[in-house]
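Below: the structure, in structure tokens.
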Amino acid sequence: MSKPEPCSDQHKAPKREQTPTRSKMEQIFGFKKEDLTSWHSFVSLLNRPTDPASLGIFRCLFGLLMVIDITQERGLSNLDYKYLDGAPVCRFPLFNFLQPLPLDWMYLVYVVMFLGASGIMLGCFYRLSCLMFLSTYWYIFFLDKTTWNNHSYLYGLIGFQLTLMDGNRYWSIDGLRRPSIRNAHVPLWNYTLLRAQIFIVYFIAGVKKLDADWVEGYSMSYLAHHWLFDPFKLILPVELVSLLVVHGGGLILDLTAGYLLFFDVTRPYAFFFVSYFHCMNSQLFSIGMFPYTMLATSPLFCYPDWPRNFFAHFPSFLRAVLPLTSPGSQPSPSCVYEEIQGSGTQLKHKLGAIFTVLYLMEQFFMPYSHFITQGYNNWTNGLYGYSWDMMVHSRSHQHVKITYKDRKTGETGYLNPGVFTQSRRWKDHGDMLKQYATCLHQYLPRYNISDPEIYFDIWVSINERFQQRIFDPRVDIVRAEWSPFKPNKWLMPLLVDLSPWRTKFQEIEGSLDNQTEIVFIADFPGLHLENFVSEDLGNTSIQVLQGQVNVEIVEEKKNYTLQPGEQIKVPAGAYHKVYTVSEDPSCYMYVYVNTTEAALQKNFTKLYEIQERVRNGTETEPLPPELQPLMAADDDEGSEVNATDPIVRLFLKRQRRMKEVKKRREAGVLERLQRFAVKKYYTIRRGILMTAIAMRNLAVGLPPLEQLTREVAYANMKEPQAEASQDERLKDEVGHAEL
């Protein structure tokens, strides 16, 4: 990680930084074997004077990306929705004593973070700016575990590293204010730390993808259907695109990217593949600035003076605002100059080397530290966000039930899943479930429920396995024991022995028609599933695949025992219970047809045929009044059609929506950029206006309610096409009732 090599053979290092003769090892790795033979040599190596140009450009790009990130993924634009004062909300901080400040003060926290990111970008009061950004960023990060992800963790790490580095030595306002630091050398460990951090991100992510589910193509199989993979589907079936391109390509790239970026010969190829990879990710996932941040890190692996060579090609009249292009840097006390007498290693140089070694050891250890924090382990290890296990696991939730019991009266009832919270991630994490249950225990007494017990029945499928319970539904989570350092006793085991059934799932699903849906269930001995079948779901049946179950039809008060291969039809609009009575886990499947949707699709087909006959002039009979809007819609596609028949109205809305989607997909580059810019403008605009309102409130107090309402309404203003009410927006599919 210490090699400062060029991006191409054309980029030559300053002569004073080159040795007359270089050994083979030095040519490949950037250092000699002798540099590792003693502690003094190692310290001198890590504090070797290095050009500050590349670090300065990265500092500027990182600060810019964080400025943008604050208004978006950090949530400045919708901060009032998340931290509204007085709202009964269950929160999930890492430490329970952490609580959000009042709303206006939360805006002030974001202002400090924004100013810190801006200062990093400009290199203005650099160290103070780093501390401002770092302290507020980690406060926001620790305040809500439900928003954790790997790249948010990475931003905090990079911010921490930059705080300790000399990132303001090149293209910074501090350099203009203080000529003594302008264009001064930085110690090599500044680059070593950042390069090693990015190497760890790639490599550990690749190691995590050696998981069997990823290698076999179950983790992200749905991605192969995205339009970005259409070129691959010209030569490969979608199944092989998923296995070889999505999963195989992702695995190989993560394992090799760090190595390929390090060496001169392979770096151009690495630049191409990682750039293509991150550009695809920016379209595949809603991950904010992460792809662009990773793109900004790639030049760190080039020779540190690459910006001088790059900006030297710009016109001379721009030189006043562009970074320096003259070769060479001035000496810095942060570095060790072996050729200068009296420039030996000092305490700060040794501390820099010690910090580099300890930090990298900690970063290699953290992704595998889950044996310590066992309470955070579920079906996957640890809190998602610091293990670099990106996209290795995908989940789907079929059934979530929250039951409360009044300990004073014995009354039992049910809660709407997600009540008192805006997050859904508590469903998969025992620590968050414990926090949620504790919060519900505090809020429910307001609704005359005394000292409640809280039970959760959560069904999850991970990487296309059976839907199964993740937590024991018989345990009162309020009083259940939980410790960050002890295994979670009420976590149900993942039925990995049933994983081979996934191949059978594909065969069964392939044999069904387009209107038939299927859900695969696995349950533990002694437990039962209570289910309600919506009246929309006709012809619903249960078929046993493994084990033995007892099906109770609640209204009929009848019980039926089913063996593997047997099935039973369950009535719609009624409850039933499925008991697992075998000694081993049972496996069964629900097979059903959404009869309401099927009838709707049949009517849509008839309406489409009528519309086509009207368009081509083959319709000989006059249309009845309720079908007249079909002709009006054809004459004026953009007009609002007042159809009296609800089926016709829904059909026309769906057609209009499909035309809008087609128009958006076929839009040119300029139109797409305009749409993107308008959307971002209104997002950033709201964040700025709401922040201004909050700062005014802190400075002079709250205005009259009518004035505040008008100000918030003005901040909420959106682009014209987004102002249509949600009722006018058509869902592409009729929603399935939960089985």
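Placement of Cβ uses the backbone N, Cα and C atoms for every residue, glycine included.
Cross-referencing 551-571, 719-739 with TrEMBL places the feature region 'Disordered' at 719-739. Within its own chain, the transmembrane segment (188-205) is flanked in space by residues 1-2, 4, 45-50, 54-55, 58, 150, 154, 157-158, 161, 165-167, 253-255, 257-258, 261-262, 294, 297, 300-301, 304, 352-353, 355-356, 359-360, 363-364, 367, 387-390, which lie at least six positions past its ends and keep a Cβ under 8 Å from the stretch. Note on the domain 'HTTM-like' (47-306): its mean pLDDT in the predicted model is 95.
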